[in-house]
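Summarising the annotation, Swiss-Prot assigns ATP binding site to 599-606, 881-888. As annotated by Swiss-Prot, compositional bias 'Basic and acidic residues' applies to 355-367. The feature phosphoserine is assigned by Swiss-Prot to Ser354, Ser1181, Ser1209, Ser1211. Residues or ranges marked as region 'Disordered' in Swiss-Prot: 346-367, 1260-1283.
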Amino acid sequence: MWGSDRLAGAGGGGAAVTVAFTNARDCFLHLPRRLVAQLHLLQNQAIEVVWSHQPAFLSWVEGRHFSDQGENVAEINRQVGQKLGLSNGGQVFLKPCSHVVSCQQVEVEPLSADDWEILELHAVSLEQHLLDQIRIVFPKAIFPVWVDQQTYIFIQIVALIPAASYGRLETDTKLLIQPKTRRAKENTFSKADAEYKKLHSYGRDQKGMMKELQTKQLQSNTVGITESNENESEIPVDSSSVASLWTMIGSIFSFQSEKKQETSWGLTEINAFKNMQSKVVPLDNIFRVCKSQPPSIYNASATSVFHKHCAIHVFPWDQEYFDVEPSFTVTYGKLVKLLSPKQQQSKTKQNVLSPEKEKQMSEPLDQKKIRSDHNEEDEKACVLQVVWNGLEELNNAIKYTKNVEVLHLGKVWIPDDLRKRLNIEMHAVVRITPVEVTPKIPRSLKLQPRENLPKDISEEDIKTVFYSWLQQSTTTMLPLVISEEEFIKLETKDGLKEFSLSIVHSWEKEKDKNIFLLSPNLLQKTTIQVLLDPMVKEENSEEIDFILPFLKLSSLGGVNSLGVSSLEHITHSLLGRPLSRQLMSLVAGLRNGALLLTGGKGSGKSTLAKAICKEAFDKLDAHVERVDCKALRGKRLENIQKTLEVAFSEAVWMQPSVVLLDDLDLIAGLPAVPEHEHSPDAVQSQRLAHALNDMIKEFISMGSLVALIATSQSQQSLHPLLVSAQGVHIFQCVQHIQPPNQEQRCEILCNVIKNKLDCDINKFTDLDLQHVAKETGGFVARDFTVLVDRAIHSRLSRQSISTREKLVLTTLDFQKALRGFLPASLRSVNLHKPRDLGWDKIGGLHEVRQILMDTIQLPAKYPELFANLPIRQRTGILLYGPPGTGKTLLAGVIARESRMNFISVKGPELLSKYIGASEQAVRDIFIRAQAAKPCILFFDEFESIAPRRGHDNTGVTDRVVNQLLTQLDGVEGLQGVYVLAATSRPDLIDPALLRPGRLDKCVYCPPPDQVSRLEILNVLSDSLPLADDVDLQHVASVTDSFTGADLKALLYNAQLEALHGMLLSSGLQDGSSSSDSDLSLSSMVFLNHSSGSDDSAGDGECGLDQSLVSLEMSEILPDESKFNMYRLYFGSSYESELGNGTSSDLSSQCLSAPSSMTQDLPGVPGKDQLFSQPPVLRTASQEGCQELTQEQRDQLRADISIIKGRYRSQSGEDESMNQPGPIKTRLAISQSHLMTALGHTRPSISEDDWKNFAELYESFQNPKRRKNQSGTMFRPGQKVTLA
């Protein structure tokens, strides 16, 4: 309560204002914000209004539509201003009052008899909202008071207690109202009718503020009336009206009247029951069960009966709880549950109905059919009290929707105990019908507990508790209605216990559909039988309420903004807010469009959709129907269509509802490739898309409050009929889940740990989430779920933990979990793993390397730092230069150094003869790159897929170029994807691709000079055995016009020369050159493992393996120790096929030698049969030998070489070389070998070609110079290409 000491000293000075009359429904003075600050006004402070008449005292509020400029204007209600004597536009002086007295009691008087009668009918509304209309009062003042939106009365302030010039109404102020009755009219209502008349208008007992209706100058023997002024003249008052009024008040507050006379036992309760049934209420209508509680449930002790198990609360659809709450009315009715379409279908299957009946049950349901089909449900009806909130709105809804098909008239709230006992699930549909049976008075009751009671409790204790409960729950005018058996909860020593309250009949005929009344008065002549032994309680294991096992939006991470915007769309579609109901009532439900959530596999689109449904279920009280389309894939079209129809019918039945079609693209999507357009699955998807489109059209025409959410991998993966811009726009809100960035990955990881372990993440002191998020680039939501499981497994494998609370994860656990883990988004992406090469394995190209590091490597290493740059980062680089200068090698090295995923695309492999397939291939490759980001997308031979537009007769490359332009510089842009392109003919590329924002950085890879050639030779020969006389400086000086690829070929030829020289020096007989060459090929590892001349600037793995250089012929033939190696490759059955031959026999049949090695090896006796036979292959699945083609022989030789190298490295043959034994000749490359090889090797690019490339690149770098040299002149108006 505001005390006068708090307001002491508040305010100061005054201000002259202009009075403006308004239609506000209150007695406040509305002041602008500037004037409030000027007068230093406090809340609930009084203001003195001074003008030519007697000053007035008013309360103030701050106006919301005043402008900051202009004169001071004070707005006031027109009726208030006129009663005070103010004029519209007049000048008054406002002065803040420093002291305000809180009134303990205020005497008021209606201004006329009409005001008194209106006050009697709307006493509750006045009590509830009086403080919202007036706070400051003063004697002899007349104020208007609004009892509803259109009706107001005038009251005059008679006196204030304590006496003061003005005072403030508080919540505990007693309001004494003097009646103003008509003299010549007598009230002829009976006592019961008078009580009933007042009871139905009673609204809510507001805490603290209690209204006392008193009269002056009444007879001294009237109960409950006090005399306040004996000297005043006697006012004629209708004594019967006042007496009935006070009897009503005594009944409401459970006051026991001293003189209650009844003509017959129970007649009063029966008459009250009949009077309630005579009210005009919308009985025999259909309502939807909701979980939101109406205003009437919050009433105090006077209406505590409404809290009990026997009352339900009905209110209209658009009831606003924060607005003025309407008064409620109490009646009795029968409640029966109606079966939903899904329940009817289940019942049909159980009853094995005829085909005609089954067809009838599957037809759409309307309100008339519902009423006729459920007459048999009357036997299961329950009679109870019905509390009607907003009765006027419900009656208006019946009038306005008389010619419109409306399923539900309003909403009904049923207490959980009563709802579960009646087997009514949430959001079910019930029908309330009038009670046509006259109630009876029970003569005997039986109370029996449904659970064990304390041993020291007695029957009298149970009776006492039951009598107390009945007194608090019922009154004479509001008796309790029970059927044959009810379940109630009584307060015992051990808390609330459930009891069975049943009627004891004297004969069996009384059990036919009777209802009974109970009240404290009737209980005096009713016998109560108490049984202390608990009755057998039937265990009902089935849960009738539909529980959504979904996560909330707050439990997800990385999709907060996306979830909020999606929930906003669903909220507006279901008219979940007042603004939506005012502005979007014509486009509610599916008319507002469906929501489509797209994202890659494992991105969390289904989890997000379920979380949105969970929020709609909790906040909007919406029913949720989920259809898992993945489970419907492969079924017949009729079954899928029937499942969708049942789901939508169930949603309409329980509206407002949300229908979730999870993975819709699996049953109504496009084929993966154009070749499958006429496959059976594609035809079924098309038919299903048509059926779903027609179904949605039908429900849109019905105007139902149903929202639709669908998930798919992309908008393009759905059938075009569902996402078409023409016809019905089904999906008007599309939300795409992007791959998470580092901050979002940290949020997702934190929430996954919380959901898994149900603990506080702050207790994991040794867990660095930022570090784990940085190491999980390219991960999506599902990957984090698996990663946390792997981390938990790693923790449990290191330490035995008994409870979940003791489980503490660390960064080490996640590091172990990341080993060998491939994210789901990368499993379907064909990534290319670059070779294990670093910058130290590249010779020359220093400037190019620095550009790549600044553009790609540093932003990938420090993303937070580069994210703060105000300019857009470059994401596209074109590498151009002559063949063999190391362009492809640079792409692989930068991918390895930056630790990003690498996707390599050869130009021609994107082109297709089908229309649209090439563009789709370009889109797919960028989608793969987005899924694998951070990623480097490398286009080799770029000129083959992006030539100048207009030069292709088919138009395929033109469409590819257009698609590349869209992907490289689209509206959404590339995030985390760098595009590298390599070409030797940049002049052939469409210039539009080389403009800023696309491949805006063109880097020239020049041919190596002498210094660069020396670096390349050092890198390539790093693992080769070189003799001491080798002078690479001299080799670099005499290799002009050699590229990196040419230098690699030079070392390769020098290696062959060294091999030939070693064979000759070993005393071998002269043989053909092809034999020697073939032998060397079988004993060497090639410098260039993969084809492609651009990988030539350096290669650290291309050296000759020392373990394979030894020329001892015992290594060529497999001995017994290496027998298992051949079994590993050729299969386990080759031994049985060859018999128990020796190793030489096995070698002669299984060893795969070079195809050219068909002659005798010189100096190797006894081995003639070894290489004379053609290579064959024996496997476990085939009998006999299989002839190999040339390609299969080459592949077989390469695989055997790899197996030999791995086997020898594991068996430690290198170490065995140092053991005592025969001395093996070592291979070494000398200067003579290099010079001899140089004589046989020539550059791959001639001098004329070098000149052409030089002119070409010069003109590409300086386009103006090219135009000047060409001398081309353009005439005005001449048509030229913009390319």
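Including glycine, each Cβ sits where the backbone N, Cα and C put it.
Feature map: annotations from Swiss-Prot on the structure.
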| residue | record | DSSP (3 states) |
| --- | --- | --- |
| Gly599 | ATP binding site | coil |
| Lys605 | ATP binding site | helix |
| Gly881 | ATP binding site | coil |
| Lys887 | ATP binding site | helix |
**OP:** Check the binding-site residues Lys601, Lys887 for other C-beta atoms within 10 angstroms of each C-beta and report the one with the most.
**Re:** Lys887
Original post:
Does anything in the same chain, at least 6 positions from Lys605 (ATP binding site), have a Cβ under 8 Å from its Cβ, and if so what?
Top reply: Leu597, Thr598, Gly599, Thr711, Ile737
Original post:
Around Ser603 (ATP binding site), how many other C-beta atoms are within 10 angstroms of its C-beta?
Top reply: 27
Original post:
In sequence order, what residues of the same chain, 6+ apart, have a Cβ less than 8 Å from the Cβ of Gly881 (ATP binding site)?
Top reply: Lys887, Ser984, Tyr1004, Cys1005, Pro1006, Pro1007, Tyr1257
**OP:** By Cβ count within 10 Å, point out the most packed of the binding-site residues listed: Gly599, Pro883, Thr885.
**Re:** Thr885
